[in-house]
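One structure is given here, and the rest of the page talks about it.
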Amino acid sequence: MAIERTFSIIKPDATERNLTGAINALIEKAGLRIVAQKRIRMTREQAETFYAVHKARPFFGELVDFMISGPVVVQVLEGEGAILKYRDVMGATDPSKAADGTIRKLHAKSIGENSVHGSDAAETAAIEIAQFFSGNEIVG
């Protein structure tokens, strides 16, 4: 399997509970390296751009409001099969359906406040990474 990069967001419900370290430990335990990380407060424009694919969905406004409600930690993760591996580490979007030991099973409050985001494909990862990081901020 090839070395690849994926994008992660530790969402406001997790940062408000000081879970960044616990989530990072699960990421690293899975064999992924955190090659870029920063804590930011997303602007409304950033959140709307990031979630533009959901603009027509009824939950779009609520999602944007949630993502700007507090700090988030944006990350670039690297490793063999990083995209699928991180999606496995995150667990199902609905924490009640997530496997034991996954980030969402352990830490998510609800399907809406599900603690983390991860890219779903290589193309998406590249776009998402570029939205928040310049090349010199990613140190592998």
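In case you wondered, yes, glycine gets a Cβ from its N, Cα and C as well.
Binding of ATP is attributed by Swiss-Prot to Lys11, Phe59, Arg87, Thr93, Arg104, and within the candidate set Asn18, Asn114 the record adds Asn114 to that site. Arg87 (ATP binding site) sits 9 Å from His117 (active site, pros-phosphohistidine intermediate), taking the CA atoms of both as reference points. Cβ environment of Asn114 (ATP binding site): Lys11, Asp13, Thr93, Asp94, Pro95, Arg104, Ala108 lie under 8 Å away, each six or more residues apart in the same chain. Residues within less than 8 Å, Cβ to Cβ, of His117 (active site, pros-phosphohistidine intermediate) and separated from it by at least 6 positions along the same chain comprise Phe7, Ser8, Ile9, Lys11. DSSP gives Arg87 (ATP binding site) a helix state.
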